[in-house]
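Novice: Structure below; questions to follow.
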Amino acid sequence: MASSKIILGAIFVASFYLSASFAFPGHHEGAYPVGNSLSPDYYKFTCPQADEIVVSILKKAIAKEQRIAASLLRLLFHDCFVQGCDASVLLDDTEEVVSEKNAIPNKNSIRGFEVIDEIKTALEEACPHTVSCADTIALAARASTVLSGGPYWELPLGRRDSKTANMKLANKNLPPPNATLHRLIKFFQRQGLDKVDLVALSGTVLDYWHIFNVQDKPLT
Ligand code: HEM
């Protein structure tokens, strides 16, 4: 019970900042394909029911296992930190692809793929070849947050899917649990995110003063 409260709390706090990081292209442009203009209305005419489909499947998935909401939020984070929010995290090993799923921070840890598959199948049935996998992950992260009692945020859509994955970059860009605060700041800076983003996205309950004074080295 306590751990599910912590997870829900983390989702709630972190999701406030998703709009400023994973959601808005201007904030860290590296996450979005050049020349692709994102819009919350991207599927307004081609798949207006997309969000409804995502929400209806997630309602069932969360009723079955509450943790899945947290896992899907993390899936978006792990997708976006490796060559942008391009669904590269979904790709399995092939002759050409070395899957990010086997990167150290992901192996036996990242989860939610079955639910994403289920959502994507339903989206394909309703609107064939329309909604990208990258948008499916982003929509699932938002719906998970909202269904867990967190806030709704406007989500620009129109991400394109990558045909390649980058396991090396996943190992390089996804922060390990033993990273110092200084290294965490560097990991986030690499994505165009600042210290405020780091604190908010980490869903920490600590305030800035505490966070930035318990460290061994002064921060610049
Ligand atoms: C700041 C650097 C971060 C580090 C070092 C970190 C590390 C970790 C680790 C080690 C786990 C446990 C994984 C496991 O048990 O297999 C975890 C879980 C989780 N992380 Fe992070 N994380 C970070 C930032 C974030 C961010 C930015 C988000 C989302 C906005 C996030 C969302 C989550 C969630 C929701 C879980 C629970 C997932 C589940 O239960 O399936 N984390 N994180």
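Here the Cβ of each residue, glycine as well, is placed from N, Cα and C on the backbone.
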Novice: Kindly point out which candidate in Glu65, Glu96, Glu100 is recorded by TrEMBL as part of the Ca(2+) site with Asp79, Val82, Gly84, Asp86, Ser88.
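Specialist: It is Glu100, as the record lists it for that site.
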Novice: Consult TrEMBL and report which candidate among Cys127, Cys133 shares a disulfide bond with Cys47.
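Specialist: In TrEMBL, Cys47 forms its disulfide bond with Cys127.
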Novice: Which one is it, Cys85, Cys133, that TrEMBL ties to Cys80 with a disulfide?
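Specialist: So the cysteine that TrEMBL bonds to Cys80 would be Cys85.
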Novice: Cα within 10 Å of Cys80 (disulfide bond): which of the recorded positions Cys47, Glu100, Cys127, Pro175 qualify?
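Specialist: Of Cys47, Glu100, Cys127, Pro175, within range: none.
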Novice: Counting Cβ atoms within 10 Å of each candidate's own Cβ, which of the binding-site residues Gly84, Pro175 comes out highest?
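Specialist: Selected residue: Gly84.
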Novice: In whole Å, note down how far the CA of Cys47 (disulfide bond) lies from the CA of Pro175 (substrate binding site).
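Specialist: Approximately 35 Å lies between the Cα of Pro175 (substrate binding site) and that of Cys47 (disulfide bond).
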Novice: Please compare the recorded positions Cys47, Cys80, Val82, Cys85, Cys127 by how many other CB atoms fall within 10 Å of each one's CB, and tell me which has the fewest.
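Specialist: It is Cys127 that, of the recorded positions Cys47, Cys80, Val82, Cys85, Cys127, has the fewest other Cβ atoms within 10 Å.
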